[in-house]
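All remarks here apply to the structure that follows.
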Amino acid sequence: MAQGTLFIVSAPSGAGKTSLVRELIESLDGIQVSVSHTTRERREGEVDGVNYHFVEVPSFEAMVEQGDFFEYARVFDNYYGTSRSAVQAMLAAGQDVILEIDWQGARQVRAQLPDAVSVFILPPSREELERRLAGRGTDEHAIIARRMRDAVDEMTHHDEYDYLVINDDFTTALRELQSLVIARRLTLERVSEHHAPLLAALLD
Ligand code: 5GP
């Protein structure tokens, strides 16, 4: 069976990445999100095994030692990593796979799999990003300023990606992401592999 494509999606917090990716996989068949391992605390509403595999630091370090991670990084004081075997199994089954990872992980993936397609999602303006990071307005100024600094740090790496999507209008941004996935499925290589009998019959 033809291998699926690996998509890397990165964004600063507040760009709407998680909602866009959720809609993307619901709107298309044959595409899944890889569930990362993390050492960070579970947030309210998050489900172990669905949003992340929540693990303790020693377990994470043991996985690093065993070479279980395709990529991993320390992001905001916690470890995050992508299971190599899980991703390989999905790709081998012909599924397209999305990795929602930061710029450090993206670099590691590109180094191992130059064919991976990488997308960076940007907010529509600095003001809108600040508004989204301020949330309900209950957080202290220093906390919001720290989130803003982290977001700007992540955005400085936007030029390492193949595609940029600006999330101003959600529906437009979603359509743009869908287009990237669909276009990739129409490459000569993918169509020739998937439709080898058709091509053989047409050219007979
Ligand atoms: P959060 O804790 O808010 O869910 O995620 C924080 C950051 O970690 C986000 O930028 C997210 O993309 C990144 N992240 C989540 N999972 C992974 C992973 O498996 N690897 C890497 N390198 N980054 C990840």
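Every residue gets a Cβ built from N, Cα and C, even glycine.
Pulled from TrEMBL, these are the features on record:
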- Ala11, Pro12, Ser13, Gly14, Ala15, Gly16, Lys17, Thr18: ATP binding site (BINDING)
- 4-182: domain 'Guanylate kinase-like' (DOMAIN)
* Asked: Which ones in the same chain are close to Lys17 (ATP binding site), with CB under 8 Å and 6+ residues apart in sequence?
  -> Val9, Ser10, Ala11, Glu100, Ile121
* Asked: In terms of DSSP three-state secondary structure, what is the assignment for Thr18 (ATP binding site)?
  -> helix
* Tell me the Cβ contacts of Thr18 (ATP binding site) under 8 Å, same chain only and six or more apart in sequence, or just say none. => Glu100
* **CB-centroid shell, 8 A cutoff, ATP site Ala11, Pro12, Ser13, Gly14, Ala15, Gly16, Lys17, Thr18, site residues removed** => Ile121, Pro123, Ala151, Asn167
* Once the chains shown are all counted, how many other Cβ atoms turn up within 10 Å of the Cβ of Ala11 (ATP binding site)? -> 25
* Structure fact -> Ala15 (ATP binding site) has its Cβ surrounded, within 10 angstroms, by a count of other Cβ atoms equal to 25
* Structure fact -> Should one count Cβ atoms within 10 Å of each candidate's Cβ, the binding-site residues Pro12, Gly14, Gly16 would be headed by Pro12
* Would you mind checking how many other C-beta atoms are within 10 angstroms of the C-beta on Ser13 (ATP binding site)? => 17
* **Per-residue pLDDT averaged over the domain 'Guanylate kinase-like' (4-182), given as an integer** => 96
